[in-house]
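Pasting in a structure now, in structure tokens, and then I'll have a few things to ask.
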Amino acid sequence: MKEDIEQSENRVNEEIRTPLIIQTNKSLKEEKVENGCYEKKQDRYMVYLSTFVAVCGSFAFGSCAGYSSPTQSAIREDLNLSIAEFSLFGSILTFGAMIGAITSGPIADYIGRKGAMRMSSAFCVAGWLAIYFAQGALALDIGRLATGYGMGVFSYVVPVFIAEIAPKDLRGALTTINQLMICCGVSVSFIIGTMMTWRTLALTGLIPCAILLFGLCIIPESPRWLAKMGHQKEFELALRKLRGTDADISEEAAEIKDYIETLEKLPKVNLFDLFQRRYSSSLIVGVGLMVFQQFGGINGICFYTGSIFESSGFPSDIGTIIYAIIQVPITALGAALIDRAGRKPLLLVSGTGLVIGCILTGISFYLKGHEIAIKAAPILAVTGILVYIGSFSVGMGAVPWVVMSEIYPINIKGAAGSLATLVNWFGAWACSYTFNFLMTWNSFGTFILYAAVNALSILFVIKIVPETKGRTLEQIQAAIN
């Protein structure tokens, strides 16, 4: 009888508790919906759409960078260009990008992030059309210079726009898509460039620009830029469009306003102020990484991959396609590891791989030049290039940009970022312009020279570059300065 009574009481208690538990869960769910948590997840489509539209600019960037490699032989034959003329055509892209990088900050601040992307797309469209209709070196160079300018503006404004529209829990993941889409653009140019003429390949560069121009009519402007310019009503409308109509944006809006007020109170810094003693450590780290990134040979190898394979005796079409296929997944792997493994380990692994890749490629040209192991030389060359590009993609390609965004104090970030970007593009121009001349001088010596620069970068990372993983920006800057 006691057992029956206890069981009855338990059943009654369970019946009493069950509706309360259901009601509690229901209340919590309703409360979460009211607070916008569920609505934010449902309405983030505008953030994803805006990111997709913006990274079409990154894809256009990659298309410009990857154009010269699969087209070198065809353009030189059709237009009867010398090595010097084609080297100018290949490298003038980076000269245009330098001009774009210098002017991108003021332009993006004056006409907005969307306005800067529209202008950049217009330059790319004009440049691709000039290349398509070119009948001589001058039109080619003008078109390449225009696409380079657009590329330089994209290199600044796309990551800035993504960082400014993304919620804080998605900012890191969405920002890394920028680098991934650049690699996709390069890879697609490499692959389809082996299947179509150089004029048709130029027309394909119009596709991402067209998508971008159409998409910019749909997506909102950066709320932070609107707030900075004092457009209060447009700021709130843009933020609400990005976060969802039912989301509570009051807290985020207040944070953005406070940040902008703090930024306006800080003293204005010009380029010459960067060379003060208190900023020297940050400047050395940021600029030093850009120097080693570019003078390690990446743009020479990327721009003229096809001719490297031809010179080594390996089929350029097959080598270029393999190169393009491995680049994207390895870049994605590096993006996934950067917050787990840390910045310095990735840079050290990357630098070691770059040295090995250069040495292997250099040895292949040495064997071919001295007619030793003729059959092994082409395989050694393609192995070296693939090791090189894989190593660059996993670390030295993206990590210097991440470190640069972390080490500069907020009041010098704009000026210091412009200087580092300018140094980066100058190095890209110097490397891409001299590459063909160095290969004509001594192929073996060219890659040994690049190996030496990459070996110095390893020492630089060990001695100078701090580990920034898991630290706040204030902790990083205090440790450096």
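Even glycines carry a Cβ here, placed using N, Cα and C.
Positions annotated as domain 'Major facilitator superfamily (MFS) profile' by TrEMBL: 50-469. Taken from TrEMBL, the feature transmembrane segment applies to 45-68, 88-108, 120-140, 146-166, 173-192, 198-219, 283-306, 318-338, 345-367, 379-403, 415-435, 447-465.
Would you situate these features in the structure and describe their surroundings?
Long-range neighbours of the transmembrane segment (88-108) within the same chain, counting only residues 6 or more positions beyond its ends whose Cβ lies under 8 Å from a Cβ of the stretch, are 64-65, 68, 72, 75, 81, 115-116, 119-120, 123, 137, 140-141, 144-157, 160, 225, 299, 303-304, 414, 417-418, 421-422, 424-426, 428-429, 432-433, 436.
When Cβ-Cβ distances below 8 Å are used as the criterion, the transmembrane segment (173-192) is approached by residues 47, 51, 54-56, 58-67, 69-70, 158-159, 162-163, 166, 201, 204, 208, 302, 305, 320-321, 323-325, 327-328, 331-332, 335, 338, 393, 397-398, 401 of the same chain, each at least six residues removed from its ends.
Within the chain, the transmembrane segment (198-219) has long-range Cβ neighbours (under 8 A, six or more residues past its boundaries) at 46, 49-50, 52-54, 56-57, 59-60, 63-64, 67, 70-71, 74-75, 78, 114, 117-118, 121, 124-125, 128-129, 131-132, 143, 147, 185, 189, 192.
Outside the transmembrane segment (283-306), and at least 6 residues removed from its termini, the chain residues within Cβ reach (under 8 Å) are 65-66, 68-70, 72-73, 90-91, 94, 186, 190, 274-275, 316, 319-320, 323, 354, 358, 385, 388-389, 392, 396-397, 399-400, 403-404, 407-408, 416, 419-421, 423-424, 426-428, 430-432, 434-436, 438-439, 446-447, 450, 453-454, 456-457, 460, 464-466, 480.
Listed by sequence, the residues of this chain that lie at least six past the ends of the transmembrane segment (447-465) yet keep a Cβ under 8 A from its Cβ atoms are 284-285, 288-289, 292, 295-297, 300, 343-344, 347-348, 351-352, 354-355, 358-359, 361-362, 365, 384, 396, 403, 438.
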When you look at the transmembrane segment (318-338) alongside the transmembrane segment (379-403), do they share 3+ Cβ pairs under 8 Å, ignoring any pair fewer than 6 residues apart in sequence?
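The answer is yes, given that the two segments have at least 3 Cβ pairs within the 8 Å cut-off.
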For the transmembrane segment (146-166), could you work out the same-chain residues 6 or more beyond its ends whose Cβ comes under 8 Å from its Cβ atoms?
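For the transmembrane segment (146-166), the far contacts come to 47, 50-51, 54-55, 57-58, 60-61, 64-65, 67, 92-105, 107-108, 113-114, 116-117, 119-124, 126-128, 130-131, 174-175, 177-178, 205, 220, 222-225, 242, 401, 417, 421, 425.
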Return the stretch with the most CB pairs under 8 A relative to the transmembrane segment (318-338), choosing among 120-140, 345-367, 415-435.
345-367
Summarise the model confidence on the domain 'Major facilitator superfamily (MFS) profile' (50-469) as a single mean pLDDT, whole number.
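Averaged over the domain 'Major facilitator superfamily (MFS) profile' (50-469), the predicted model reaches a pLDDT of 86.
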